[in-house]
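Data block below; observations after.
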């Protein structure tokens, strides 16, 4: 982990804890927390192989429709069933997810302080009476899951904003780290679709705001305001993860070409500007705003202007992580064959 990555992790942890001891301007807190989560997630996504889950163009086109169906389903569940019952089921579901997400987030930092064999030697646990069901884990993962268990218990029992944010930030970092758009074309399709999705469900229906207020699970970050009438400002995790995976793609594009953060800087700046404009407009009109309305043009616009300015539209549009992975595999196979011949 490089110095700037370690500094970003420490800054994110400090900013999350700061409202416990000092009053932090919630608008500034929203922007800094979201940007730091994106920054950390992007750098964690840079690996020898692309992230494990790659989105296709077809998936990107269907995503707003699937998201709309899920959003409407939740709205109807809260409307016709007991709110406490729905949230109890969701809490149980996110309890498991939260432990896994926080474990995966903390593991790289914790591994450095544990014996090597704890990181390498896997333990296989088979379920009683169902031996086909097995789980493989290391002792390091067990250690890393302890804080996750603590925060999930705390959240389930108290619904404290800090426990909510720790789990929410973990979901954001893991989402950005593990998900790949594959190409900028797929990213543009996804962001454009969710641009209209966000506008429709926020401006033209009460569904989005109603679900956000009723959904008692770590799917949004909460920022204390000190105002009894409106105790928290909030930001949905989707407003961090969705643009974040596009920004991460820009960083990996830079790395693949051996250049230093050129397009990443543009995409990250676009995200920061878009989120800042969201906060300004929200405070001006004193009403909820679809954040992607401002973030999507910021991210795509800054990257588009940058590549047009440099005359690099073609390499940007032709970049495909799946093809790059296949080419690397072919090169490795060729090298290994040549080495065998030489031997």
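Backbone N, Cα and C define each Cβ position, glycine as well.
For the transmembrane segment (20-40), same-chain residues at least 6 beyond its ends with a Cβ under 8 Å from one of its own Cβ atoms are 5, 8-9, 11-12, 162, 165, 169, 172-173, 176, 221, 223-226, 232-233, 235, 239-240, 243-244, 247, 268, 271-272, 275-276, 279, 283. Sequence annotations record features per position, and here Swiss-Prot assigns transmembrane segment to 20-40 (among others).
If you take every residue in the topological domain 'Cytoplasmic' (41-62) and average the pLDDT, you get 86. The topological domain 'Cytoplasmic' annotation in Swiss-Prot covers 41-62 (among others).
Taken from Swiss-Prot, the feature transmembrane segment covers 63-83 (among others), and the record attributes it to sequence analysis.
Per Swiss-Prot, transmembrane segment is recorded for 88-108 (among others).
According to Swiss-Prot, the topological domain 'Cytoplasmic' annotation covers 109-136 (among others).
Here Swiss-Prot flags 137-157 (among others) as transmembrane segment.
Within the chain carrying the transmembrane segment (161-181), a Cβ under 8 angstroms from the stretch's Cβ atoms is held by residues 12, 16-17, 20, 33, 37-38, 40-42, 44-45, 50-55, 60, 94, 97-98, 101-102, 104-105, 148, 151-152, 154-155, 187, 190, 218-224, 232, 237, 240-241, 244-249, 321, all 6 or more beyond its ends. The transmembrane segment annotation in Swiss-Prot covers 161-181 (among others).
Positions annotated as topological domain 'Cytoplasmic' by Swiss-Prot: 182-188 (among others).
Taken from Swiss-Prot, the feature transmembrane segment covers 189-209 (among others).
Per Swiss-Prot, the feature active site maps to 198 (among others). DSSP classifies residue 198 (active site) as helix under the three-state reduction. Just so you know, the Cβ of residue 198 (active site) picks up 25 other Cβ atoms within 10 Å once every protein chain is counted.
Same-chain residues lying 6 or more positions outside the transmembrane segment (231-251) and placing a CB less than 8 Å from one of its CB atoms are 26-27, 29-30, 33-34, 37-38, 41-43, 45-46, 51, 161, 168, 171-172, 175-177, 179-181, 183-184, 187, 190-191, 194, 212, 218-225, 261, 263-264, 266-268, 271, 274-275, 291-292, 295-296, 299-300, 303, 321. Swiss-Prot lists 231-251 (among others) with the feature transmembrane segment, giving sequence analysis as the kind of evidence.
Under the heading active site, Swiss-Prot lists 239 (among others), citing similarity to another entry as support. In this structure, residue 239 (active site) is part of a helix by DSSP.
What Swiss-Prot lists as topological domain 'Cytoplasmic' is 252-266 (among others). Long-range neighbours of the topological domain 'Cytoplasmic' (252-266) within the same chain, counting only residues 6 or more positions beyond its ends whose Cβ lies under 8 Å from a Cβ of the stretch, are 42, 45-46, 50, 184, 302-303, 305-307, 315-316, 319, 321, 324.
Residues or ranges marked as transmembrane segment by Swiss-Prot on the basis of sequence analysis: 267-287 (among others). Same-chain residues lying 6 or more positions outside the transmembrane segment (267-287) and placing a CB less than 8 Å from one of its CB atoms are 27, 30-31, 34-35, 38-39, 42, 239, 243-244, 246-247, 250-251, 293-303.
Annotated transmembrane segment per Swiss-Prot: 291-311 (among others), in sequence order, evidence recorded as sequence analysis.
Among the features that Swiss-Prot reports, topological domain 'Cytoplasmic' is placed at 312-343 (among others).
Counted over residue pairs 6 or more apart, the CB atoms of the transmembrane segment (189-209) and the transmembrane segment (291-311) come under 8 Å in at least three pairs, which marks the two as touching. In sequence order, 34, 275, 291, 292, 295 are the residues of the chain that are 6 or more apart from residue 239 (active site) and have a CB within less than 8 Å of its CB. DSSP labels the residues of the topological domain 'Cytoplasmic' (182-188) in these numbers: 5 helix, 1 strand, 1 coil. Sorting the topological domain 'Cytoplasmic' (109-136) by DSSP state (H, G, I as helix; E, B as strand; all else coil) yields 8 helix, 13 strand, 7 coil.
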